[in-house]
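Participant: As annotated by TrEMBL, domain 'SLC41A/MgtE integral membrane' applies to 171-305, 385-528. What TrEMBL lists as region 'Disordered' is 37-59, 93-120. Residues annotated as transmembrane segment in TrEMBL: 134-152, 212-234, 246-273, 285-306, 318-337, 349-369, 441-459, 471-491, 511-536.
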Amino acid sequence: GTQSPLRSITEHRAPGDLVRGQFVDRVDALGSFHHSNGSVHPVILPDSPEEVPQTPGEYELTEVTSIPDRSDQENERPDMVVLDCRANAKGQREEDALLENASQSNESDDTSTDQSLVPPAPLKETSFSIGLQVLFPFLLAGFGTVAAGMVLDIVQHWTVFTEVTEVFILVPALLGLKGNLEMTLASRLSTAANIGQMDTAKDMWKMIMGNLALIQVQATVVGFLASIAAVIFGWIPEGNFKMGHAVLLCASSVATAFIASLLLGLIMIGVIIASRKVGINPDNVATPIAASLGDLITLALLAGISTGLYKELEYNDYANPMVCAFFVALTPIWVLIARRTPSTREVLYSGWEPVIIAMAISSVGGLILDKTVSNPNFAGMAVFTPVINGVGGNLVAVQASRISTYLHMNALPIAEPNPAPRKCPTPWSTFFGSGVNSRSARVLFLLVAPGHLVFLYTINSMQGGHTTLTSVFVAFYLAAALLQVVILLYLADWMVNWMWHRGMDPDNFSIPYLTALGDLLGTGFLALCFHVLWLIGDRDTDVGD
């Protein structure tokens, strides 16, 4: 067929002669056909048209070592030799050169299709190169979470946070948008860049516009649902419901999610394009950078917008509903733009489940944060929560993005097929295997303790928080962080491969679940640490400073 990347070699020759012919785009006598791996076979066409099967894929290729002589010259017919041009990477490159020369004289719409099937070869990465590429964005993202923690430590005493404590429930859910939307966007675009779907300017801009519109739709919907979750978790159990505060939560959540996603989406696109131009694997740098300013921007926007809208409650009852209506009214426009790109159209219809479930999981973590930070004995949690959640989410997002790209690249017939990915890995195979994904898991795990020590020292030197950094606290904190990352990396190895075998694109489904679980595990383990430290007597000495 016209969409097949195969080419046929045909030429009329005398019986018994087997020579190389020329590449052609279509074989009129045959539609599509089965081929074997790398073998060259003569195909003897039948005498009468009735013997030719009409259903594509029913042709049988018979391998022979020689072509028998035929004395009947009247029934002479052409011999066809079929070469599988995708048999191996070397043959692929050889034929690509010939096809590229031939395509210069015969341009067609199929040219881009054929080229898109030949992605660039995967980068050869060692543990040192992975660590070197991940280290700087990891530290940058970590300092971004430290800044977010410092901001949360300050704003927790603002009027809107003390009067409407349910705003704390929005914090992990909205900070989790970087995992639900921006990191998923970075993973999708990193995979597209690595497999050659962004090599031309037309394809690149089409994918950029579609993905930007998609995350604006998702941000609006997730922000609205996060506010509903905050109302349900915060007020419904106690029966203390205030309509004005509920609309305030809705307006603050939707506006924060929309603006933050737009800013971070633009940053992500620039990072991925720049990294490909300088020869860096986007999977190693895009997702951490997505989080470097994500927490800080989102938290600052949430604090500023909620404070401004809270003040408007005293003078104007219509400000909050008008903000909600404005951003919701823009949603149909983004839907129309996202539908124009096939890849984003699919996510627009089928990608809601992980985003919404991840938002619900993060909201449970927000409920834990709300109940603990409101207690003066646990006020020190505020500064550390974005840090431990952000570091875990950043590292697991890098690993999930790398595994997803690995599966996409090895599923394409550009090289000898690899063994099928394991469906249920063991912890030993995840961290101590010989593959590149196990290598990256070890590198990412080894970054946890040094990274957190740097971040703790930074917080302490800036005199942030309400917690004294004793050796006992540091030991408990590092134990919680290491346990969180071990669980997340193992879940990433299992989840990405499981989704791949289920026919689900891990770029769209895995990172929201993993980062949301990172928020829940991080907040839960941190609250447990503070509770245990309080019980054993290692209590804060500067609470309220």
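Backbone N, Cα and C atoms are what each Cβ position is placed from, and that goes for glycine too.
What TrEMBL says about a protein is an automatic prediction, not a curated fact.
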Participant: Give residue numbers and ranges for long-range contacts of the transmembrane segment (441-459): same chain, 6 or more residues beyond its ends, CB-CB under 8 A.
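Facilitator: For the transmembrane segment (441-459), the sequence-distant neighbours (Cβ-Cβ under 8 Å, at least 6 residues beyond its ends) are 127, 130-131, 134-135, 138-139, 142-143, 145-146, 149-150, 383-384, 387-388, 391, 395, 398-399, 430-432, 465, 469, 474, 477-478, 481-482, 485-486, 489, 493.
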Participant: Let me check one thing: do the transmembrane segment (349-369) and the transmembrane segment (134-152) come into contact, meaning three or more Cβ pairs under 8 Å with sequence separation of at least 6?
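Facilitator: Answer no, regions not in contact.
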Participant: Quick one: DSSP breakdown of the domain 'SLC41A/MgtE integral membrane' (171-305) into helix, strand and coil?
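Facilitator: DSSP classes over the domain 'SLC41A/MgtE integral membrane' (171-305) add up to 115 helix, 0 strand, 20 coil.
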Participant: Helix, strand, coil residue numbers for the domain 'SLC41A/MgtE integral membrane' (385-528) per DSSP?
Facilitator: 112 helix, 0 strand, 32 coil
